[in-house]
């Protein structure tokens with residue numbers, strides 16, 4: 001309903017219009033306001049899932065639950081360059097109204113990219129089909145995926161060839177804790193399977209444990225043990241009051257604690273609240289009734305019996321009581337030292353008695369008729385020496401980091417002469433001779449080429465020369481054909497063969 005003021009304005013407006021028309025009767029003019037009520041439609045109704053079956057700890061409903069798939073991020077062996085000209089062909093007619101100079105420039109750029117790709121393909125085909133191709137020659141992965149010239153070199157970097165970045169949905173699909181593991185799986189890593197080319201071993205990674213909240217660097221980690229729940233020291237005996245020894249220490253509201261450090265040191269209190277995010281505890285002190293906030297690792301959980309006995313005992317805080325406690329600690333240390341000294345003295349007397357007894361037995365044994373037979377001596381059980389595998393003309397790897405300050409570490413050399421079963425003379429690739437090289441400083445090498453010769457250094461066929469026919473890198477084995485047994489094939493471990501660079505009968 002219109003207000004009286006608006007009604008008066010409307011009447012005055014009608015009078016003015018009638019006067020301007022010379023007293024003529026004018027058509028009535030009316031004003032109105034329209035208001036529409038828009039009802040917001042409710043969202044999509046929630047779909048309900050009904051329980052159908054229970055198998056052990058698994059619940060089955062009407063909607064099938066998708067099992068989580070193994071997350072694997074595949075390794076990119078070859079870059080896929082982003083071609084903008086292909087996307088431009090799919091654009092609508094509105095985008096074709098661009099300036100002619102811009103369209104011409106885009107066409108020139110796409111043509112340049114096409115020519116660069118064709119030229120690189122020609123070089124690659126020429127290298128593959130060339131007369132002198134080394135099968136062991138490998139191009140690094142970064143060089144294979146190198147960006148064509150003219151795009152990301154110089155002062156101005158053009159990233160038009162790069163693909164579009166990942167979306168937020170892609171990031172949400174891959175959890176942070178599973179990202180590194182997914183990349184390793186894409187590179188071929190498998191759980192409980194060793195990695196490497198020659199000696200595969202399943203090495204357990206070092207998992208760093210998260211430091212508890214509120215415990216900064218340099219803090220005493222042993223304080224965490226005091227917060228562990230109490231465990232009965234011995235089973236209860238008949239007649240013991242049940243529940244005294246079995247009282248569990250809980251870090252929660254109502255728990256009894258003693259402050260170990262800070263302004264309220266040695267005071268007792270009860271926990272009123274716990275802030276796990278910041279690692280702090282709200283404690284109400286027994287003396288004074290003050291509520292304070294203390295770091296979690298500065299308190300010690302105590303039993304109800306200890307709390308009732310010492311919580312309001314003010315004599316504990318006096319200087320005389322502290323001096324008495326220190327004196328008790330000193331007496332306990334003295335008693336421990338005396339016990340240790342007494343044990344040492346008793347041990348000395350026992351050893352002297354045993355020595356005299358052994359001397360008497362030795363004299364009696366010498367005077368007896370069986371003194372010619374020596375008494376059975378207890379030999380120290382030392383580990384058996386490693387089997388010798390050194391042979392002349394073997395190509396080996398030096399693995400001793402301490403020799404000559406690590407100068408020859410991880411370098412390859414040739415065995416020139418074998419002095420003893422475990423020492424030899426080696427020649428480096430530069431021609432330098434190294435004397436008195438021990439076997440434990442060296443490691444066998446398996447040749448990469450099948451055309452190279454190998455020698456069996458351990459086992460039944462030690463000293464035989466042959467060639468590798470097939471390799472099993474997963475099990476670190478090789479199928480070998482020896483020159484002496486041309487019609488037979490042997491399967492040998494990598495540890496029993498070594499690269500041989502000496503002369504052969506062929």
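Note: Cβ is positioned from N, Cα and C throughout, glycine not excepted.
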The annotated region 'Disordered' range in Swiss-Prot, which must be one of 211-247, 248-284, 396-432: 211-247
Where Swiss-Prot places region 'Disordered' among the ranges 83-110, 111-138: 83-110
Annotated coiled coil segment (source Swiss-Prot; candidates 303-346, 435-478): 303-346
The domain 'KOW 1' (250-277): DSSP-derived helix, strand, coil residue counts: 0 helix, 12 strand, 16 coil
Integer mean pLDDT for the domain 'G-patch' (176-222): 75
The domain 'KOW 2' (447-474) - residue tally per DSSP class, helix then strand then coil: 0 helix, 12 strand, 16 coil
